[in-house]
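Novice: Got a structure for you, questions after.
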Amino acid sequence: MAHPTQLGFKDAAMPVMEELLHFHDHALMIVLLISTLVLYIITAMVSTKLTNKYILDSQEIEIVWTILPAVILVLIALPSLRILYLMDEINDPHLTIKAMGHQWYWSYEYTDYENLGFDSYMVPTQDLAPGQFRLLETDHRMVVPMESPVRVLVSAEDVLHSWAVPSLGVKMDAVPGRLNQAAFIASRPGVFYGQCSEICGANHSFMPIVVEAVPLEHFENWSSLMLEDA
């Protein structure tokens, strides 16, 4: 969970998100080294009184500054492509949930069950219980079993939305008339918060997403209770 004055990302709750965090550190290290080198060269050029009469025509320098950036780009691109393919892989999901964006709430339908679905609205500030988070709590959470592949089918009823949960490394656009899909595996139990990440109107800021990952037996008990109340 994020906390005040935090500078880094949220703790990863999915293997692919852990890969994304490692890639972020990898890319940031390369950017830092390049920035340091450029700053040093600029400082040296401004402060030195020496000149090089061959500075306008140096084949060796041109070869270096052509090949070296290409190598650096490859070092960034290869791990990025690997993670991109991992994010698109959806192999034999144990549970499929349809998330539909509306102005301004989410509705969820568990397609593996005959009659399990609900709308999820933000809890108003005056109704929050002690310890709950303002603008992030919902009246109904999307409950999923932990350590199980979950597929989320994302679409929208009216305008563009985006279903995003940072801790799970998921962000998928909800486009009216189109069905997009994303997948995740919650590696630990917990409550993971997200929000609509596409500006969708006046109350865009009030479309929170709450995913609760629980052990399988707890999920079965929850689904049984929901089906009884339906």
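Note: Cβ is positioned from N, Cα and C throughout, glycine not excepted.
Here the structure is a predicted model, which means the values were calculated and not measured.
So Swiss-Prot lists the following for this protein:
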- His161, Cys196, Cys200, Met207: Cu cation A1 binding site (BINDING)
- Cys196, Glu198, Cys200, His204: Cu cation A2 binding site (BINDING)
- Glu198: Mg(2+) binding site (BINDING)
- 1-14: topological domain 'Mitochondrial intermembrane' (TOPO_DOM)
- 46-59: topological domain 'Mitochondrial matrix' (TOPO_DOM)
- 88-230: topological domain 'Mitochondrial intermembrane' (TOPO_DOM)
- 15-45: transmembrane segment (TRANSMEM)
- 60-87: transmembrane segment (TRANSMEM)
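I would like each feature placed in context: is it buried or exposed, what are its neighbours, and how far apart are things?
Specialist: Other C-beta atoms found within 10 angstroms of the C-beta of His161 (Cu cation A1 binding site) number 30, with every protein chain shown included.
The number of other Cβ atoms within 10 Å of the Cβ belonging to His204 (Cu cation A2 binding site), over all protein chains shown, comes to 16. DSSP assigns His204 (Cu cation A2 binding site) to a helix in the three-state reduction.
The DSSP secondary structure for Glu198 (Cu cation A2 binding site) is coil.
Same-chain neighbours of the transmembrane segment (15-45): 9, 72, 75-76, 79-80, 82-83, 86-87, 166-169, 184-185, 187, counting only residues six or more beyond its ends whose CB sits under 8 Å from a CB of the stretch.
Residues 16, 19-20, 23, 26-27, 30, 34, 169 of the same chain sit 6 or more residues outside the transmembrane segment (60-87) yet have a Cβ under 8 Å from a Cβ within it.
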Novice: Treating G and I as helix alongside H, and B as strand alongside E, what does DSSP give for the topological domain 'Mitochondrial intermembrane' (88-230) in helix, strand and coil?
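Specialist: Final tally across the stretch: 24 helix, 61 strand, 58 coil.
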Novice: Report the mean pLDDT of the predicted model across the topological domain 'Mitochondrial matrix' (46-59), rounded to a whole number.
Specialist: 75
Novice: For His161 (Cu cation A1 binding site) and Glu198 (Cu cation A2 binding site), what Cα-Cα distance in Å is obtained after rounding to a whole number?
Specialist: 5
Novice: Which residue, of the binding-site residues Cys196, Cys200, Met207, has its CB surrounded by the fewest other CB atoms within 10 A?
Specialist: Cys200
